[in-house]
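As annotated in Swiss-Prot:
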type     : residues    : note
DISULFID : CYS34-CYS59 : disulfide bond
DISULFID : CYS35-CYS75 : disulfide bond
CARBOHYD : ASN126      : N-linked glycosylation site
MOD_RES  : GLN24       : pyrrolidone carboxylic acid
SIGNAL   : 1-23        : signal peptide
Amino acid sequence: MQVSVTLLGLLFTVAACSIHVLSQPDAVNAPLTCCYSFTGKMIPMSRLENYKRITSSRCPKEAVVFVTKLKREICADPNKEWVQKYIRKLDQNQVRSETTVFYKIASTLRTSAPLNVNLTHKSEANASTLFSTTTSSTSVEVTSMTEN
C-alpha cells in the first residue's frame, strides 16, 4: 500500500511538471544563436549579405552575427569600429535595395497597367505602402517581400 501511494505521488509530480513545461510558448523553446567568441579578423565586406544582432539575456555576450553570401554565420564584436561601419553599410544597402524594388514596381505598373478604376495590383515588397499612379486611377498596394 505504501509503495502504491509513493508511486502515485511520483506520477502526480511528473504530470504536474510536464504540464508546466508543455504550456511554455514555442518562442521560449526555440533554438537560440549565441556567440561565445568573436572573429579575430575583418571579414571582406564584399562577402557579406546581411547581419543580425544577438542581445538575448540567455546568451553570455552581445554580438553581431554577419551572414555571408554562402549563408555562413560569423560572430563579431559589436563594439569594434569595423563592425559598426559594416552594419551602417549593410543598412544603407538594404534601404537602397528596397527603394529600387518600389521604384521598379511603381514605374512598371505606371507604363503597363490597363486603365481600370477598380484595379489593384498586389506585389511583394518590404513595407506596406500605397502608390498612386499619375497616368490613371490605378493604385498599387505593396505588401511584404524578402529578397534572398
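Placement of Cβ uses the backbone N, Cα and C atoms for every residue, glycine included.
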For CYS35 (disulfide bond) and CYS59 (disulfide bond), determine the Cα separation and express it in whole Å.
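Cα-Cα, rounded: 7 Å.
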If one looks at the chain holding CYS34 (disulfide bond), which residues at least 6 apart in sequence have a CB under 8 angstroms from its CB?
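Listed in sequence order, they are ILE54, SER56, ARG58, CYS59, PRO60, LYS61, ALA63.
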Would you mind ranking the disulfide-bonded residues CYS35, CYS59, CYS75 by how many other Cβ atoms sit within 10 Å of each Cβ and giving me the lowest?
CYS59
